[in-house]
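Student: This is the structure, below, for whatever I ask next.
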Amino acid sequence: MNNMDSGISIPGTRHNFRIGLWLILAAAFVLRLVLAPVWLGYEADMRTFIAWADHAYNTGLFGVYTDGMFLDYPPGYLYVLYILGMLHHVFHIPWEGTFSILLMKLPASLADLVLGLLIFQEASRRFSLRGAYALTLGVVLNPALWLNSSIWGQIDSIFMIFVLLFLRGLRQKKFAFAACMLAIAVLIKPQGLLLGPFLLLALAKQRDFKAWLQAFGTGAVTFLLPVVPFMIHKGFSWIFTLYFGTLGSYPYASLNAFNLFALFGGNFTDQTKPFLFLSYQTWGTIGLLGSLLAASWLYLRIRNRSGAGQLAAALFMASAFILANMMHERYLFYAVPLLAAAFIWFGDRKLLFVYAGFSLTFVLNVGYVLVQSWRKLYLIPVHDTLMLLVSACNIGLLIYAWKLGWTLAKKDFGHSGRAKGTGSGEMDLSVRSQVQKSDFQAIRKQGRSDGDLEPENSGTGKESKGSRFLGKKDFLYMGILIVVYTIIACINLGSAKAPETYWQPSEYQENVVVDLGSTQSIDRINSFAGDGEGKYSYWFSEDGIVWDHEIPVESDYTKVFTWASVQPNVKARYVKIVTDKTGFRLHEVAFFNHQSEKPLPVLSVNTSGGDPSSAEGNAGYRLFDEQKDAPYEPTYLNGTYFDEIYHARTAYEHLHQIEPYESTHPPLGKIFISAGIWLFGMNPLGWRIVGTLFGVGMIPLMYAFGKRLFGRSEYALIPAVLFTFDFMHFAQTRIATIDVYGVFFIMLMFYYMYRYMTISFYKVSLWKTWIPLGLAGLFFGIGAASKWIVLYGGAGLAVLLAISLTDRYKEYKAAKLHVLEYPEDEENQRKIRVFPRYTLYTLLVCLVFYVIIPALIYLLSYIPFMMVPGPGHGLKDVLTYQVHMYQYHSHLVATHPFASPWWEWPLMITPIWYYKAMYAPADTVSSIVSFGNPLVWWPGFAAVLYTIYRIFRKMDRRLLVLLIAYLSQYLPWMLVPRLTFIYHYFAMVPFMVLMLSYWVIYWMKKKPETRKRWVVAYLAGAVLLFIWFYPLLSGLPVSKTYTSWLHWLPGWRYF
């Protein structure tokens, strides 16, 4: 056996070894305890397990296989279900309760921890203790594990415990033990049979008949002992019927498995149907046998290498899932722990990339099926976009994995079990004592990048000097961008005029009679409604006595602060506006005929009904006192569009102490909008100007972020230009919704967290490190009070803070090692003294700036709400609002023609169409659409994927910061079941642009003389695309022919 297997004793680390491991497992267990009871899980599986557990206890365990009960599982897990059923009955635990759900998921959740423990046992023999902890953490916190066990409720982790133990037995040549573990695995899941050939291949090398006899004897006894009691009731052949029946009980090419067959229309398609001259079933059999042959060849090729079984089994399980028929969505899970185990013995970081890749596609596959099941949709359509994309990704990952396996198989492995001449893609698997001796040297080198792109401060922890500050060139670049963009953004932003006075009837049938002076042809009536909802109707008369041609109008939430039109096409001298239901405010009414775009003159106005002595008693004339502001053809320039009907209205209500209509988001974003209304009035310019200025403010912020990351003004210009001329940045900041405020503060908080990470409290005064740290927390609080999406980013801030403090801890640990050799080193002595105290103070500062101050800001943002007269506006009601908001977002079930699920956003499958002009000529289009610049988003998403890949090869702290910022905003949306739109991706765009800029600069610096011009051409192309699409982003009227040139994808519908 390899000497590495025996492990190496490390004096003085045993206690820390235990504490660290149990802390990791405890944290993982708490996570599962929190998640497990929240959702029932996959209802069909969970209710089946519940039924089996109850049935097993009621009928007796060995009589559970009755003819009237569907039960296709082997007996192994039924022993566990019997115990669960007994606990429910003995302790009177209701089956539908939260505790019951937790209890039913507990065995699989605990099995996740056992998998982590097994990984740690192996990793601690190969890596440093820190490396073993990291890998264990990466396993037990892997969403693939807790999604499958603690949310879905499946037991695959239990099965995988025995698979890992089986492969460990093969590696250690303990074949009887291996056979025993394989038998238990088969008793739990029939899929264990697929691994039987590996036992035969391992035994084939043994010429000792005794080894064969021991293995088969132990395996047979282990299998039969739990099965025999059931055979007493069911007969000897029953077990074979059960296994064969289970294996053939789902005759479909794919069962929601995102694999090869799903990619080619085979999801829930009869496996006997033809596909490429053969049937799906035939191709699936070929795929399965081919995968087994390839994995067997690989295993034989590297059988002398520790970890051969883990690698071959991982590739086989992944291949079977992707290439075989009758695969369920969860079956890719089996490859995930095996890849982590294979990495331990091969040490090639590319295996981690495959591990992360298959973990991600598993989460996408299983998570999507689970969410759809909550909507009672159990079969994924054959043309589903996500299924096709993930299926293609799985195939690509499988090809990459086999290429890697082939590469590893070709390497010359010496007797030590390590590959000779390890390349840059492999970890140094030195023994732990050697790693620990060089810890302080490694820490000094940590954070360095590829050399061509040197990170700010180069890891010195000091404040940047000289070129890191903004100079004249920077202000020139920013100034040009800001001036150009501000002009573009403010052109046709909205009218500064809108009707202000209003008529608000207080009684049913209260009316206003208008005399036009003579009989007129009335072709169109435009009305501008204000706050409130109600109903009224138009009546027409030529003599003021006989009224007819009633036109009812419902003044609902969709008509607030915008012009609504009706076409009566009647002739009349008098028009009567009659109140059918009070509650609305009507600001202005204008009558038009086809001969002029100016309103028809009004001779007189008479208000009847209501209280004549009140201020509103004779207010009908206010409907006609601002006729100059009445447009003939209303557009977005003079009214609200899309969600402005909610947010602009609520901003107005906050300003005037009216009950707010929109309560599904925190108030601060609407308060920002109300500042513009306070300055410019309740008109389109007033409610849009502040968001537009925030959009302008994003430009210098993006430039400064780029300068901090990349160091040179020319480099900072790249992300600034790309973001300035991104379509969504333009469209999303010109509409009076609250997303711009959330995204702005997300950018600020990550900018300052990055600033914090580039300085060290060992190098500068402690209070100076608190400035960027505190500012990040302050902007987190302001953002969270604007929109809850900022809370997602808060998780990213916490991760980055943990990374930074971990760096300080590593310096502290390295200092302790260093002073053993150089006791007189004052600098390291100081690090040892101050680290515990400074860390505690920093965490206390975080408590203030990330908890107390944000909570205070959040509460203060409700002051306008609490100032609304009347009951129901106290602190208790503010708390009730939070429950209402959560329930709204977590239970929103709606449809929308331009809704877009999260996996479509980076590819821009479905842009959101905000506005279409009502009265544009037949051959003209005036639209406002929000989506991304194709030259920014498509290569930007590729840059994100490449960043994920490179993170596993060579770390760059800047990329890690950007990736964490991006994922912290993106990943939560994958678990959100509510209706979503492409504009929810806006929060990820800044970080995607910065990652794209990183790789553009990286590529350019390889050959700056020739490639710089290509980068300039690329930026120019992004600007030209913005100009080309500008009409559809701004509402500028253009011909339909022009618009047709912009119809690049089927979902890009603009007219």
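Backbone N, Cα and C atoms are what each Cβ position is placed from, and that goes for glycine too.
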Student: According to TrEMBL, which listed range is transmembrane segment: 151-168, 907-924?
Tutor: 151-168
Student: Among 70-88, 127-145, indicate the range for which TrEMBL gives the feature transmembrane segment.
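Tutor: It is 127-145 that TrEMBL describes as transmembrane segment.
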Student: So which residues does the transmembrane segment (766-783) touch in its own chain, when a touch means Cβ under 8 Å and the partner is 6 or more beyond its ends?
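Tutor: Sequence-distant neighbours of the transmembrane segment (766-783): 463, 668, 741-742, 744-746, 748-753, 755-756, 759-760, 790, 793-794, 797, 801, 838, 841-842, 845-846, 848-850, 853-858.
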Student: Let me check one thing: do the transmembrane segment (239-262) and the transmembrane segment (307-325) come into contact, meaning three or more Cβ pairs under 8 Å with sequence separation of at least 6?
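Tutor: Yes, the transmembrane segment (239-262) contacts the transmembrane segment (307-325).
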Student: Could you tell me the mean pLDDT over the domain 'ArnT-like N-terminal' (683-861), as a whole number?
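Tutor: PLDDT averaged over the stretch: 92.
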Student: Honestly, do the transmembrane segment (475-495) and the transmembrane segment (685-703) touch, with at least three Cβ pairs under 8 Å and pairs 6 or more apart in sequence?
Tutor: yes
